[in-house]
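Take a look at the structure set out below.
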Amino acid sequence: MADIDNKEQSELDQDLDDVEEVEEEETGEETKIKARQLTVQMMQNPQILAALQERLDGLVETPTGYIESLPRVVKRRVNALKNLQVKCAQIEAKFYEEVHDLERKYAVLYQPLFDKRFEIINAIYEPTEEECEWKPDEEDEISEELKEKAKIEDEKKDEEKEDPKGIPEFWLTVFKNVDLLSDMVQEHDEPILKHLKDIKVKFSGAGQPMSFVLEFHFEPNEYFTNEVLTKTYRMRSEPDDSDPFSFDGPEIMGCTGCQIDWKKGKNVTLKTIKKKQKHKGRGTVRTVTKTVSNDSFFNFFAPPEVPESGDLDDDAEAILAADFEIGHFLRERIIPRSVLYFTGEAIEDDDDDYDEEGEEADEEGEEEGDEENDPDYDPKKDQNPAECKQQ
């Protein structure tokens, strides 16, 4: 046994001597290549990987395990960084307050354009020929002959039809074109929304708590007496003292609707149901009429009330979360770009954005799948342990 051990030791010493001689002859680049190869071999060894994992698990058993293992003096410096982060959040809050001031300032500049939009939609103003000229995209351009033919056809149709005023059902069409809004609109809501003339957004004044109001302007109708229905959203743009690191810009904290003065028998947010009840003793049957809530877009103006404690049940929380999303979408997208949602162009742009991301993901998946299905594919050839992407 001793002779075998001595022989193995001798062979090992010889191997080491050979390695030393080779290393003396190799260039620095060759040494790097060998180091890479050795690293690859080590990382493919299950025993080595298991040992490394065990060591890492012991060092960092929880996400904060490493932080807890730091010396006290280092922890103090980390706390200093956290205090700096809080100050960054406070500056960011100030930034968003100034953005809100800019929104209010530019809302005044946008308003004359929105006023003219309102007048065109509601047949108060008839745009001139020059204002109606629109150069289509290159792919939409057609020959002069086809243009003339289309013009003649349009004139014939206009003669056959009664002359429409403004742009009929403008806002209803916008709502029906947008999934987020069309899901709210029921069939019994549509006749009412045909009377919707305009939607406006009003920002809180300087020095007031951050908020905005959505105004829905209606023409006189047979359903309610209100000329304007409002929805007010209260916002906060400051870090929460209890969790300052969660601050990520202004957030909607609550909302208030308005009372709709429905005309008799026209309240679409309620419905009457009839229920038969059988008397247990006598066996007689009676019909009971009961009024219950009904799905409707106009429930948007009666959001759940948030108690002072702030505690809400799951249903109320879900309703408010959806409500906030809708309010934000109306303010940021629908009101400024309504004509593009009316024509569907804004929706196509949104779909294109999602399609591009989806196509990229699909292409990546196809490439990976092709490699795996290729019998000649060798995953080791793709490994490059020398590269390290910087985050």
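Backbone N, Cα and C atoms are what each Cβ position is placed from, and that goes for glycine too.
Owing to the predicted nature of the structure, the values given are computational and were not obtained by experimental measurement.
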Where Swiss-Prot places motif 'Nuclear localization signal' among the ranges 238-244, 273-279, 280-286, 308-314: 273-279
Cβ atoms near LYS116 (N6-acetyllysine) (within 10 Å, other residues, all chains): 14
Distance [Cα-Cα, Å, rounded] between SER69 (phosphoserine) and LYS116 (N6-acetyllysine): 66
Secondary structure at SER69 (phosphoserine), reduced by DSSP to three states: coil
